[in-house]
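Data block below; observations after.
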Amino acid sequence: MAGNTFGQLFTVTTFGESHGAGLGCIIDGCPPGLELSEADIQFDLDRRKPGTSRHVTQRREADQVEILSGVFEGKTTGTPIALLIRNTDQRSKDYGNIATSFRPGHADYTYWHKYGTRDYRGGGRSSARETAARVAAGAVAKKWLKEKFGTEITAYVTQVGEKEIRFEGCEHISQNPFFAANHSQIAELENYMDSVRKSLDSVGAKLHIEAANVPVGLGEPVFDRLDAEIAYAMMGINAVKGVEIGAGFDSVTQRGSEHGDELTPQGFLSNHSGGILGGISTGQDIRVNIAIKPTSSIATPRRSIDINGNPIELATHGRHDPCVGLRSAPIAEAMLALVLIDHALRHRAQNADVQVNTPDITLSNK
């Protein structure tokens, strides 16, 4: 079965390829009455778009979104919302040398074996360019979540290659090309990325994603646990190779007396769970880390094969990110938002009338 649709009640189906006429998505299940304009969506697309600094791909795309349906007189109608982003700066000639060969680390080999054909221009459907449609859909989800619950979703880069980035404040994220919550290390990171590009190589990255003001109760045990759905969503982002929620892999070295978040009438005393217990949100901040592999498109020659199985040496030419993780923060935010809105609607559908006498202790800290 095709895997182009995400979600159950708030569904997003994306379409398009890297070098096609355009790409976009169909959102179905968005509640009616949400004030929505193209400007609401454009803000996050501008954060993700290419060509914004020398440290990312120099492909120049405006990524201007068009709302084709589902919005009338400035508000959502409850009918499918169609969003379109046209491609304007394709340079397909850069990919002629891979029409009959497979780039190491890319989906070329697997797409060829699965479908028997592939759009080799910029990776086609497997390109990270497809994530522009996810960011557009995520912007809609983020706006609804903020208006409904006050939910705020923030992502930032915590490591680039071997360079760990100290947290100095979220106010710095929008002020540098690295989506870093840091000011003092930016010059160091600039020099580091310049050296990576000059070496004709690439590096990976680590990101932290956090959602504040998430209501208690989201998640559908046992198979659609909130943490399971978040991990699924994050692993669906191009180049993501690892996901941690809460303490993550550090949980291995913790004792139970440390890891278990104690409760008091004034709130939880820690958040090693990452805001999720038993697959259900606790009302605390949801905390996620993701690891992103080095960009596979590099100009350094590497061994591969052609479609006939013959050995070749291949160097990838064109415009590529030396660290694809640098533009991943808006994508990760979008995917977390899509999970949360879907589960908020699912929770409302089944449990809207549930009432308990126990107070929501997370509210005392807000």
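Cβ coordinates come from backbone N, Cα and C, glycine included.
These come from Swiss-Prot:
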- Arg48, Arg54: NADP(+) binding site (BINDING)
- Arg125, Ser126, Ser127, Asn238, Ala239, Gly278, Lys293, Pro294, Thr295, Ser296, Ser297, Arg319: FMN binding site (BINDING)
Inter-residue Cα distance where the pair is Arg48 (NADP(+) binding site) and Ser127 (FMN binding site), in Å
14
Tell me which residues of the chain lie with their Cβ under 8 angstroms from that of Lys293 (FMN binding site), as long as they are six or more apart in sequence?
Gly105, Gly204, Ala239, Val240, Lys241
Based on Cβ atoms within 10 Å, give me the single least packed residue among the binding-site residues Arg48, Arg125.
Arg125
The number of other Cβ atoms within 10 Å of the Cβ of Ser127 (FMN binding site), counted over all protein chains shown, is 20
Taking only same-chain residues 6+ apart in sequence, whose CB is under 8 Å from that of Thr295 (FMN binding site), what do you get?
Ser202, Ala239, His320, Asp321, Pro322, Cys323, Val324
